[in-house]
Amino acid sequence: MLFSWAHKKKLTAAHVCVTGTGISSGRAGEPCKFSVSSQLADHHFANHCSVAFEGPSKPEINFVTGNEGIFECIWTPKLPGVYKVYVRFNNEQVPGSPFTCTIEGGYLHDSVTSAIRCRGRCLQTGNLNVYNEVLIEGADAVIGGVAVSMEGPGKPDILFRNEQQGLFVLYKCVVPGVYTLNIKFANNHVNGSPFNIRVL
């Protein structure tokens, strides 16, 4: 008597497919979607998959399980920039992972940027050989923080101090002249930046 049976191929990361615009582009504050599937998957498939992100902000992530062998990932980035999207099956990268996704500016990014305010007399004039203070309000609510740089005839020393009022930027110049103070969030200037400061 002859017996025969079908040999089911073992499912590995190489058999997993990721599709959708959410692994290549999107806008800050808007949902980005992509699907993870495999023709060899069973109803335990989603339990063996993991998704992770690297980028300017920590996104909100939701999963929707569809038919057997497929599920959808919906993620909402808070800030624009370049993100890495990692999709793994049994801790192994699937083909194409990590994916590079470019997120453009959106309403959430604009609202956060407009909430940041810079204050202080030292945004217009500063004194030589002492630390001059500038207050940045609203920076504590920003994921990823702000970037500060200063250009001019000398190389200023820049320090930061966190207090209840906000983030203080302290700059000290040893060469007199006009300096440019750049304060950016997500690579975009905040309100009023760049600031031209005369240091005497």
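All positions are counted from 1 along the displayed chain.
Using N, Cα and C of the backbone, Cβ positions are placed for all residues, glycine too.
Whatever TrEMBL says is automated annotation, not expert-curated.
Pulled from TrEMBL, these are the features on record:
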- 8-103: repeat 'Filamin' (REPEAT)
- 108-199: repeat 'Filamin' (REPEAT)
What DSSP reports for the repeat 'Filamin' (8-103) is 10 helix, 47 strand, 39 coil
When the repeat 'Filamin' (108-199) is classified with DSSP, how many of its residues are helical, how many are strand and how many are coil? 13 helix, 48 strand, 31 coil
